[in-house]
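Q: So Swiss-Prot has the following annotated:
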- Gly164, Arg165, Ser166, Ser193, Ile234: NADP(+) binding site (BINDING)
Amino acid sequence: MLIIDGKKTAQDIRAELATEVTAATAEGRRAPGLAVILVGEDPASQVYVRNKEKACTEVGITSFAYRLPAETGQQELLDLIAECNARPDVDGILLQLPLPRGLDAQACLLAIDPAKDVDGFHPENVGRLSLGLPGFVSCTPAGVMELLRRYNLPTRGKKAVVVGRSDIVGKPLALLLTRSGEFGDATVTICHSRTPDLAEECRKADFLFLAVGRPRLITGDMVRQGAVVIDVGINRSDDGLCGDADYESVSKKAAAITPVPGGVGPMTIAMLLVNTVQSWRQRTA
């Protein structure tokens, strides 16, 4: 059984990006820049932002941190986004979600320049994904696809089941899996809370993608022998972090599986860095 190591893969990606950025700055080009906007003092968001800033430093990306109080008004936040849109040294803008109550997250995401939307949340980038056009892809599904490529797990002609239909993971992942190519061309089923027989659908999957946020929802008896299981879920339980899969029983059936932690999670930040460097390449070419 193959354990798909997202932590090691993310380290490899950061090293590759660092080599590129170091070479470019040695030639006199400016470093990539990422604006990180955090509103309020949500503890989890603060941890996420620190991790992203640390990863930026490791790669050579300049991180512009904006930490705003929870009382920040909508217009003040929109003005800051407009300022970041206009800054030539900012290649990507990351608005840490969730926002405090009273702020319209959708309006703020709409205000971000799609060319700097390295989170891939802007409707223009979502539309580009659905049409198969170039654009920024949401970091978690992009990380999943990168793991499939780097571990040479092609989905062409396979049956893929995505459990979860969120706008951030489930839906974009399903779109990526249906794109033409060796790591696409899958026949995709999306399951959710209203799916009549989830176990039956999961057992049909050659590739099973879990992104529902329910600890150990999927057990070994729900998985086909030899399936590839990609567990996007990160849940807190009495005995620590766990995924949407019951790892102990599912790993006995799977041909390959991502652990939690150490699977998809590290890839999300890695792909944020990839998107930022991609924007920088385009803007400094």
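Positions of Cβ are set from backbone N, Cα and C atoms, glycine also.
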Q: Among Ser166, Ser193, all listed as binding-site residues, which has the most CB atoms within 10 Å of its CB?
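A: Counting Cβ neighbours within 10 Å, the top one is Ser166.
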Q: For the NADP(+) site made of Gly164, Arg165, Ser166, Ser193, Ile234, how many Å separate the two farthest Cα atoms?
A: 18
Q: I want to verify one value. Collapsing DSSP to three states, which class is Ser166 (NADP(+) binding site)?
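A: Assignment for Ser166 (NADP(+) binding site) reads coil.
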